[in-house]
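Annotated features in Swiss-Prot:
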BINDING   Asp64, Arg72, Arg138, Lys168, His169  substrate binding site
SITE      Asp179  site 'Important for catalytic activity'
ACT_SITE  His181  active site, proton donor/acceptor
ACT_SITE  Asp252  active site, nucleophile
Amino acid sequence: MFLGPLMLDIAGTTLTETDRVQLSHPLVGGVILFARNYESPAQLSELTASIHALRSPPLLIAVDQEGGRVQRFRDGFTRLPPMRTLGEIQDRNPDLSLHLARQIGYVLAAELKACGVDVSFTPVLDLDCEQSSVIGDRAFYREPQVVAELAHALMSGLQSVGMVAVGKHFPGHGAIQADTHVETAIDSRNYTDIEKKDLTPFRRMIDTGLSGIMAAHVIYPAIDPNPAGFSSKWLQDILRNELGFRGCIFSDDLCMQAARNYGSITHRAEQALQAGCNMVLICNDPDSADELLTSLQWEFSAVDTARLEHMRGQQTVHSMAQLHEMERFIRATEEISRISLANISVSV
């Protein structure tokens, strides 16, 4: 059995029989976890083991574990700062900010891998334009070159323990106020402006080995009337052909309000996959997931399968308890805990 193109969610902290049936469907290739699925590292490890045991090859398990307000697993995990904190440290001490970005990437990945989670949808590559409340302090910085440097450092930390990175939200969500979770989002800039600014972090990260990209549900009417995640112009012509990206393309959640204007859930999934997504997310809408599993017809290619398999990264051999005895991990978590805008006491 291959990994299918759908990533679904589950309701609770353990698998129900309904979950097992859904996740065993050949169209499914992954599971995204939320805060409601988490109680403790031990419980999470049991949950991920049960998900991985359902299929061969195992389903891909993902989470949004960025830091700051977007950190699904908190108690028992290291509290990670919002990425804007690294940008503010960069203004004072660029070398320190890069060091801390690597440390955050390492700790983030080490803890998730220890609990059986394959990938986090991070880093955010959107610019901090002080326009978007939904992005806000999730972004590293206002200048694209600095975003690229900090994101690359964080990716290096992830990769040091076998986790790949997923940059988001292509081609850039930082310059608009609208929140795609609840409304349509339109960016009226021309391609030249977007290419010079927003695409720079994506281009730099692609050139240095970025494995995954998540597309935005944002409309850029000067380029294409469809949102980027439904646009072959963005995903094929620009991302694949112009920027040379060869990794895995994820949609954002197809049940977000900005995506619901594009027909039934089946039509949305078909449009996103035809545009160039390798995997589409269906979250917080069990009825839509059921409908899609019944109605979607999709032939998955060997290239798609290879791209999804690569997102698994390398498996860790360390448990959470073992991590807490490792000198590298102890030092990294101590440094992260001392991050303060007023008093940076970490030495590189």
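Quick reminder: no glycine exception, Cβ is built from N, Cα and C everywhere.
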Conformational class of Asp64 (substrate binding site) under the three-state DSSP mapping: coil
C-beta crowding around Lys168 (substrate binding site), within 10 angstroms: 25
Cα distance (Å, whole number) from Lys168 (substrate binding site) to Asp252 (active site, nucleophile): 9
Cα-to-Cα gap, Lys168 (substrate binding site) vs His181 (active site, proton donor/acceptor), nearest whole Å: 15
Alpha-carbon distance [His181 (active site, proton donor/acceptor); Asp64 (substrate binding site)] in Å: 15
Substrate site span - longest C-alpha distance across Asp64, Arg72, Arg138, Lys168, His169, in Å: 18
Same-chain residues at least 6 apart in sequence whose Cβ lies under 8 Å from His169 (substrate binding site): Val124, Leu125, Asp126, Ile135, Met214, Ala215, Ala216, Val218, Asp252
Between Arg138 (substrate binding site) and His181 (active site, proton donor/acceptor), the C-alpha gap once rounded to whole angstrom: 16
Distance from His181 (active site, proton donor/acceptor) back to Arg72 (substrate binding site), taken between C-alpha atoms, in Å: 17
